[in-house]
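The repeat 'ANK' annotation in TrEMBL covers 206-239, 240-262, 274-306. Marked as domain 'PGG' by TrEMBL: 424-529. Annotation source TrEMBL lists transmembrane segment at 430-449, 470-491, 503-523, 535-554.
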Amino acid sequence: MDPQLFIAATNGDLGHLRTLTPLTKLLLPSQLSPNQNTPLHVATEFRQLGFAEAIVRDCEALLRLQNGAGDTALHIAAREALSEFVEFFIQFRGLLRMVNHNGDTALHCAARIGSLICVEKIVEADPELCRVVNNSGESPLYLAVAAGFWEVPQSIIRKANLLASYTGAKGLTALHPTLFYPNYDFEIIKLFVEWRKEMIKEQDDLGLTPLHYASLYGRTEAINLFLQNESSSIYIVDNNGESALHIAAFKGHKDAVEAILNCCQDSCYLVDNKGRTPLHAAVLGDQRKVVKLILGRAKQGRVMNKADCDGNMALHHAAFHKFYDIIEILATSENVDKNVKNKTSLTALDIFNKHDLEGLRAAVIRNILIGSTGSMTMQHLATQAIKKMNQEIKIEELDDDDDDDDTNGINSIKQKESSYNTEKQKALEVNLLVATLVATVTFAAGFSMPGGYYENIGLSILSNKGGFKVFVIFNTIAFCCSVFAVLLHFHTSITDHYQRVRYMGIAVTFTSIAIVAMVIAFASGTYVVMANAKAFSLTPFLIFGGFTFLYLAIPFCDPGVEGYSFLHIPQRFIRRKIVQHVRYEE
């Protein structure tokens, strides 16, 4: 393009146009920038309306020339929301139907940026442009909605009505994107439904309907509107076989789930391509409130016990993902069968046990899955017995003629024995350490008597006190028992491992006695020193009693341990209360 002509177009210099000869004006279409823009394109970009009008009068052919992107000057005017330029260009009717390389008309460009004035001018000039879609399948109406401009689609529907297309990219309709924005306009949704309610059942390339998207974002008002007009849309599933209820349940939109169930109670029985119900979806999303809602609405156990293609019920999935609260909700539900096995023959308890979880909450959940009594199930006990029997049979069935089998079998036995011995060795080391510490402490306490000594004769000052005598007796018991345990370990260390294991029970017993005696000795020594402060002197005994009670209460209350068989009735009652009241907190 001639530099002077380019500068004149950007500045709107009409005087330069007057200096052009008729031949030069005929050659104006050949005056192009590197982007293939004509002087008319340049004048439009720089908003020089007078120059644009003048150059069109000199060479009308410029109107239909396209730049490198296929845009005419009208496309540029619409994209820049230059309403005066648009009004000038639409006088040339054939110009409105021209499309760029993307298939966009000027109406597409105006709708994409939400220019209401330009849209109205173009639609009034040619309403049929509203049905034109670009190369991506997008209509002007869809582009305006997808960009979040609510006034433009109202104008298009009002002026073009049924002439307008609602199609969008990838199978979407103009109704789909109305549900995306946080500040979505429900009135626009109502307008679309009243205008073309068939959009409610339209699916995009993923198989999702507007009802799916409304469920995804929890648009309860929209869900109610869609179901009032097309209740059958709840049964439309996406490419994965998931209904809108599946999505709402997974996302935890309780109001949306309730709205769908109020309209279509049987929708809770829908299954996806993996055989999963909305209850499965709620569990996978860890949505406790939705799980409770679906369980409350389901009249029969068929939904709770429905297994997917892998044989997993909702309870199996909850156990796999360690969703404690949901496990408790499902396992304590009246109609849920806790003994159902999946296709790998695993119950929910089997799956939960694979996590090898520790702690009170895990014990409570395990107790719920087993049964409120805290005892192992008959099948579990039988399985353990059969495994043990099979191991013994395999040992006896080692064939002398098959050296390889002998070697493999013996190696397997040795590995198990090695693992067992390692565990016992660790227990022995811990017991020896504890016994040594107790012996050290009590030995030192024997030479540093509470209350001190008389300087001249070396006797204890408090030797006549009852509490002192208790201190001496129990400190001596603790020292003797702990030393006995240490000597037992020392003696058996020079023998074989099995003898050490055999005497481990005795060592543990004496170490336990030593610990208790040491604590009593400490409390007695503290008491005799603080005898003048009567109330305060009893504090060590109270603390000791409290910790003793706690120590004994843990196996009594913990559902995860065997406990005390002679107290099984009160123990079972307490454990039931714990199961009922312990709640999981993240």
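A Cβ is built for glycine as well, from the same backbone N, Cα and C atoms used for every other residue.
Just so you know, TrEMBL annotations are computer predictions that nobody has curated.
Residues 460, 462, 468, 475-476, 478-479, 481-483, 485-486, 489, 504, 507-508, 510-511, 514-515, 518, 521, 525 of the same chain, all 6+ positions outside the transmembrane segment (430-449), place their C-beta atoms under 8 angstroms from a C-beta of that stretch. DSSP places the residues of the repeat 'ANK' (206-239) in helix, strand and coil in these numbers: 23 helix, 0 strand, 11 coil. Taking Cβ pairs closer than 8 Å, the repeat 'ANK' (206-239) reaches residues 170-171, 173, 175-176, 178-180, 184, 186, 189-190, 193, 197, 199-200, 245, 247-248, 251, 253, 255-256, 259-260, 263-264, 267, 270, 272 in its own chain, all 6 or more past its ends.
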